[in-house]
Structures are given as structure tokens and as C-alpha cells.
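**Student:** Submitted below is the structure of interest, expressed as C-alpha cells.
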């Protein structure tokens, strides 16, 4: 099966070949991945419904958490169903247009998620370092402006990524050695020079994710400095607990991403299937754990879910 069309003349099909060197991984991964996907969709749906129906949760911090849940759900739906279709039914074919649409959604929504974490870090910074000014700074209007900024920045900067890949000529090579249409996995099939693609991917990644991580680091540096100055008994523990959930989510997000980058750097020492696996897991593990962490650690959300469950049983 080698359907092919030139990237500039029309639609063609690619084949997604997930684990070229370790095909058995598909068998033992299919069930855990399915369960993680169901957990991610169910937990985020419960969190969104709880925030929507509970008036006490109609606050800026929870609006940002709702945005994070929506982004997680879109990323999961963009990637995991196709991966499971490959695992369960061997449906490896993906159309030219669907491949580049998936590429764009993955890049733009990953950037949106990173920027959302940065805004949430700023929210925690204001809450700890300027508590008296928090209600006047972190308002519903602030959240609306932040959401517009997150969407506009991510959408505009990531648009060239699929466009640059789609304009390439793909000759007779149509088998992508990945479970998803990652930019460089697709671009390397081309017989054209992909230097511009590589440079833009690198520059765009550092501009978006790099700047967000730097600002998150600065926010937590100021938070830690402010917390260590607190003299009241129990004040340090209380202050840190308000940031705990957000900090754990950032660790989920950045750790898998960091390991993914490091395996790419050390690709000669690591099986090429390892980055493919990490890329897939990065789209489902944080999405599954984010709502659980907030649900367990945030008393208001926990109580809101309990009230909704009691209403449901009546």
C-alpha cells in the first residue's frame, strides 16, 4: 500500500508504523492506554461539570483549571483514538489532510497548555506575594484576556509548522515511523531540504515552551522567597499547600517532555521506539492525572464533587 501524491498537488495517504523495532509493545500497551484514555476523559468531564454547576467554584483560578481540562481533552481526542485504532484494528492509514491537521492541533494545543500553566503560576504568585491585591488583579476580566492571549499566541506561532511540512514533496516514501503525525517524523520522509522545518520547530518550541518555563521558574522563585519570610506558625505550610497542586501538574507536564527531549538527544543510545512511546504517553498521562490531583488536593473541588454525587443519588 503506497498511495502517494505530491504535497503541493493534492491529498494522499500516509501509513503510521508505531513501533518498528518493538512491535510487541502494541499488545501490552493497548489495554493500559485505553484505560488511561477513559480515565482522562471521564475525570476531566467530571471536573468541568463540577466547576460549571457549583457556584462556589465560579472563580478565576477554577476558570483557568477548566481551560486546562478542555485542552487536555482535545489533545487526548486528537491523538489517542487513532493510536488505539492502530493497536486494536491495525488501521495505520491516515489521509494527508488529517495528518497535518493532527500535527497542527498537537503543536498549538501543547503550546496553549504550557501557556496556561504559566498564567496559573502567575495566579499563585499574586496569591502568595500580593494577597491583598489578589481580588483586584486576578479578575474574570483578567482570565478572559489571558485566554485570548493563550489562544492567539499559540495559534499564530504554530500555524507555519504544518504549512511548511505540507508544502514538501514526499516522493514515494509514505510510512511514518511514529504513532502520530509529529512534525519531524513526517518531514524526514520528504526528498526536499527540511532545514527550515527543523529551525522553525526548534525556534518555535523555545519561544513558546522555553519562555513559559522560565516565567514559571521565576514565579516560584519569588513565591519561595516570600514564603520563607513568613513568621506566623503554620503559615509556610499553608502557603505551600496552595501551590502544591499546580506545582505537581507542572512536574507531570515538564518531566515527560524533558525525558522525551533527552531521548531524542541521546537517540544513538536509546531505541528509536522510546521517544515514540513517550510522545504518546505525554498526550494522555498528564491529562489523566491533572484533574485527579486537583480533585484530591483542593477541598473546594472535592466538596463540589461530593455535593453533585449526593444530588445525583436523590
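Any Cβ shown, glycine's included, is placed from N, Cα and C.
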**Student:** Which of these ranges is annotated transmembrane segment in TrEMBL: 6-28, 29-51?
**Tutor:** 29-51
**Student:** Top stretch among 63-89, 101-122, 142-163, 206-228 for CB pairs under 8 A with the transmembrane segment (274-296)?
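**Tutor:** Maximum Cβ contact count belongs to 63-89.
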**Student:** Counting Cβ pairs under 8 Å to the transmembrane segment (63-89), which of 29-51, 142-163, 206-228 comes out on top?
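**Tutor:** Answer is 29-51, with the largest number of Cβ pairs below 8 Å.
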**Student:** Sort out the residues at least 6 away from either end of the transmembrane segment (142-163), same chain, that have Cβ-Cβ distances under 8 Å to it, and list them.
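**Tutor:** Same-chain contacts beyond the ends: 60, 63-64, 67, 100-101, 103-104, 107-109, 111-112, 115-116, 119, 183, 197, 200-201, 204, 207-208.
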